[in-house]
Each structure stands twice: as structure tokens, then as C-alpha cells.
Amino acid sequence: MAVLETLPVLLPDLQSSSSFLSTSTIIALTVFFALLCACIVIGHLLEEHRWANESITALLLGLCSGVVVLLVSKFQSSQILVFSEDLFFLYLLPPIIFNAGFQVKKKQFFKNFTTIFLFGVFGTMISFCIISLGAYLLFKRIGVTNLGIEDYLAIGAIFSATDSVCTLQVLSQDETPLLYSIVFGEGVVNDATSIVLFNAVQTLDFSNIDALTALKLLWTFLYLFFSSTALGLVAGLISAYIIKTLYFGRHSTDREVALMMLMAYLSYMLAELLNLSGILTIFFCGIVMSHYTWHNVTESSRITTKHAFATISFIAETFIFLYVGMDALDIDKWKESNASAGTSIAVSSTLFALVLIGRAAFVFPISNITNCMKKRNNTKIELRQQFIIWWAGLMRGAVTIALSYNQFSSSKDISKEYALMITCTIIVVLFSTVVFGSVTKHLIEAMLLRHAKPAISDATDIPSLEDLNISFIENGDPSEEGNNPPPRKNSLRLLISNPTHTVHYWWRKFDDKFMRPAFGGRGFVPFVPSSPTGARDEAS
């Protein structure tokens, strides 16, 4: 974590209390920890009047702190901490993504996986193409002329990354399970796809562009996507097998909790070491760990891991938004860009307009395509729900900021255009998060919650359940009560008519027969005499 030389200037008379600790570093961390505490307190006070969530609170506190530091330094600098890509990608982002995979509602996620995959992968690629092409055609008219093809493609990947935190804090999993599952799942897959696209762009050589460049970009994307996913699945299964086989809980629950954390982080680091996508790897590692590994540990470890992962993720995300708020007033970047207010507004407005168009270009068409594939009306995405999904993807957050820094501040002496892109990225993130995020609750209540329908149980959500039972259960008695058995559908027809439920049915059979005996999971209850389960077993 790098520290600017601003703080020694602000406090010249303050001497270091020890020879091995930097005073400026201590002051910077003290300020950030105090602001984190303030965010938690203010977020608690605003819980019942949720026009602003923790993200907005952190941004506003960061802005206020940046103003104070700017005034104290006599407009020399507003930064306390220099943004470090290593700090973000190695320490702050992994716990956020892992917790998203670990806490995901797997039943709803995989039940709507087709829709989530279309939104998160194909939708993000559509948005990527529109934003890249639009920036290439429009920026030159504004006066931004020194960007290369790789920069425009990077801009498309950077602004395709969404941040749906504000919307998810308003939606309810119980009242709107379909909508919540789609928004949550698409948000995570979208971030992963955007980073994979960004990494794919970085690996290509644009000095010689030909017809194969697009195919190379597609191949690189597919390779990174599926290789990273496979690595995450393998890492999660290895952790489940080790904990199930060795059973650390009989001696120390601390060891099994530590092993879960370290194995998750190790999967991310291995992906980065192999030049894969760490975000995809750790996300699917979290899903596998929640399905197998989490059920192999003791009861106390289950409670500990569930709350520990959520807490670490919350602190990391709040820290990121605090920094974004403070960095928005970094006077050095605005001086380096040397752009007028009109130019900055024009570039920021163009980027945001492209975000709006790129989002609408795939949300509504894909929603209607998936509706045509569904037979029951209660599983279709209504027009008001499509609007909420579109709205949830308009906000930009930490991933956008980090990718922008990675692309446009990799060298010490950045050009005016690069500095302009960083400042405009900050403007888009601030505007979308504060303005759009503050009206999200009222918009959703007006568009959706007033028309909420009673929740439907999972059993009624599966139209092919009887067909599946009739088709796959072979021990029925056709002569019972003289009734003829209902006509059976073959497996291929079921797969075509109800692909999600048919695949889920076969996966459950495969999971119960082969995976759970080897890797544990639900049903594997470790015996610990001091635990409630162990006490009940001893009593019986």
C-alpha cells in the first residue's frame, strides 16, 4: 500500500513513534479505519430510511474527507493512499467475489442459469461491442484523438462491468425470487466476463490487425472463461476431499476454517499465476465449497465461515468505495488531464449514454427470447421486471475503477487522454452510484412491489416434475386400480422441452451416487462430542 508524501507536509512536526513504522502510513490507516466505522454506524442509522446504502454512504464520506485533505494541503493533493492495483486485485476483490459464490442461492441460481448465462456472458459481449464501437466513432468528434484500438476495446470492457449492489439491497429473495436470482447471478457473471474480456484484449497484438483478430479475441475469451471455471471447480473439490478425509474438526476447528480460507485464496493466486481469470476461479470455488466443503466441517465452523466471509467481503467493498470517493478529488489527475469542464462532461456523458444503450440492446431482446422458451407465465420475465434488470446494470463500481487504472495509469507519465479517461471514469461511477442508487428503492417500489404477487413454492415452479417422475421411475404398477399409466416422454423430449429441470434431475442423481460419497456435502455430519449434534447422538 503506497502512501503519498502529502501527509508529512500536512503534519511536519509529528515525529515517528518508532523506527520501523511510518507515521504517514499509520495516519492514513487510522483515517480509513475511522471512516469504515463511520460507514457502519451511518448505514445502521439509515437502515429504515434506505435512500442511501453503504456504497453511497462510503462514497459521500470519501468525498467529504477528500475535501478536508484538499483544504488542509492548500489544494496540493487530496489523496491519503495511492491506488494500488495489487491492493485491489490481490486483497480486496477476492473476498468479495468468493463470498458472492459462497453465499449464492444455488437452487435459484442454477434454476435460472440459462437466463443468467445469456445476460452475463452474451449480454456483456453485446454491451462490450456497442461501447467500444460508440467510443471509437464519437470520441474523435469530441477531440479525444490519441487513443488506440486497444484503448477503445479496453473502454468497452471497462464500462461493461456493472455494480448491482443498490438494487440487490432493495429486492427481496422471498418476494421476488426470480428477479433477485437473475440480478444477482448476472452481476457476478458480468464482472467475471468483463475482466476476462479485458484480459483477452491485453493479450492481443494490435500492431497487425487482420480478419483473424476477432476470432483470436473470441478464442482467448473462451479459453480464459472455461479454463478458469475448471480450475475453480477442481480447487473446491480438492478442499472438500481433504477436509472430509482428514477431518480436522476432531482436533481443532480452527484448522478447518483456516484451510477453507487458504484453499479459496490459493485458487485465485493459481489462476493469476497461470494468466487465467482469478475472479471466475474463486467464484466457482466458492460455489463448490458451499455445496461440499461447508457440509464437511463442524457446526461451529459452519457458523464461523458463513459470517467471517460475509464480514470480510463487506469491509473490503466499503473500503473500495471510500477510496473512490476520496480519489475523485485528486487534484493531480485533473491537472494532468488538462481538459476543460465541457470536454470532461462531454466524454462522461458519451460514456454514460453508451452504457444506457448497450444495456438496453441486450436486456429486452434476451428477456423476450427466454420468455418464448418458457411455457408457464409465472416464470416469464415481465416488462416491469425487464426494466428493473436494465436499471440494476446501469450503475458502475469498483471493478470499473480498477480496470480503468490498470489500462490508463500503468506508466508513470500518463498522457492527457489517459488522465482524462480516469477522471471521466470516476465521474461516471460517482454519478451512477449516487444519483441512480439513491432513487433505486423508490423506483422499484413504484415499478414492482406495488404489483407483487404471492410467492409460489418451488414445487409449483417445476412444470415437468410429474413428467420427470413418470419418465425415470420404472417400478410403477400399471395394473393398479385398472388405470392405464400416463404416456411417458422420452429423455430427449424432456431435455428439449424442459432443459433446466431435466439437467438438474440427472445432476442430482449423479451427485448422490458418485460425488457426495467421495467429496461429502449435505448429509455428511461430522461427529463432535461437544457439539449439539454430538450431544444428541450420545444421548441416543
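Quick reminder: no glycine exception, Cβ is built from N, Cα and C everywhere.
Automatic, uncurated: that is what TrEMBL annotation is.
Features reported for this protein in TrEMBL:
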TRANSMEM  20-46  transmembrane segment
DOMAIN    44-444  domain 'Cation/H+ exchanger transmembrane'
TRANSMEM  58-75  transmembrane segment
TRANSMEM  87-104  transmembrane segment
TRANSMEM  116-139  transmembrane segment
TRANSMEM  178-201  transmembrane segment
TRANSMEM  221-243  transmembrane segment
TRANSMEM  307-325  transmembrane segment
TRANSMEM  345-366  transmembrane segment
TRANSMEM  387-406  transmembrane segment
TRANSMEM  418-440  transmembrane segment
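Long-range contacts of the transmembrane segment (418-440) within the same chain: residues 51-53, 55-56, 59-60, 63, 144, 147, 151, 155, 158-159, 163, 166-167, 170, 321, 324-325, 327-328, 333-334, 336-339, 343-344, 347-348, 351-352, 355, 391, 394-397, 400-401, 404-405, 407-409, each at least 6 residues beyond the stretch ends and with a Cβ under 8 Å from a Cβ of the stretch. It is 307-325 that, among the stretches 116-139, 221-243, 307-325, 345-366, 387-406, forms the most Cβ pairs under 8 Å with the transmembrane segment (58-75). Here the transmembrane segment (307-325) sits apart from the transmembrane segment (116-139); fewer than 3 CB pairs are under 8 Å, leaving out pairs fewer than 6 apart in sequence.
Proximity of distant same-chain residues to the transmembrane segment (345-366), defined by a Cβ-Cβ separation under 8 Å and at least 6 residues beyond the stretch ends, is recorded for 115, 118-119, 122-123, 126-128, 130-131, 134-135, 138-139, 142, 144, 155, 159-160, 339, 386, 389-390, 393-394, 396, 420-421, 424-425, 427-428, 431-432. Same-chain residues lying 6 or more positions outside the transmembrane segment (221-243) and placing a CB less than 8 Å from one of its CB atoms are 121, 192-193, 196-197, 199-200, 256, 259-260, 263-264, 266-267, 270-271, 274, 276-289, 291-293, 296-297, 518-521.
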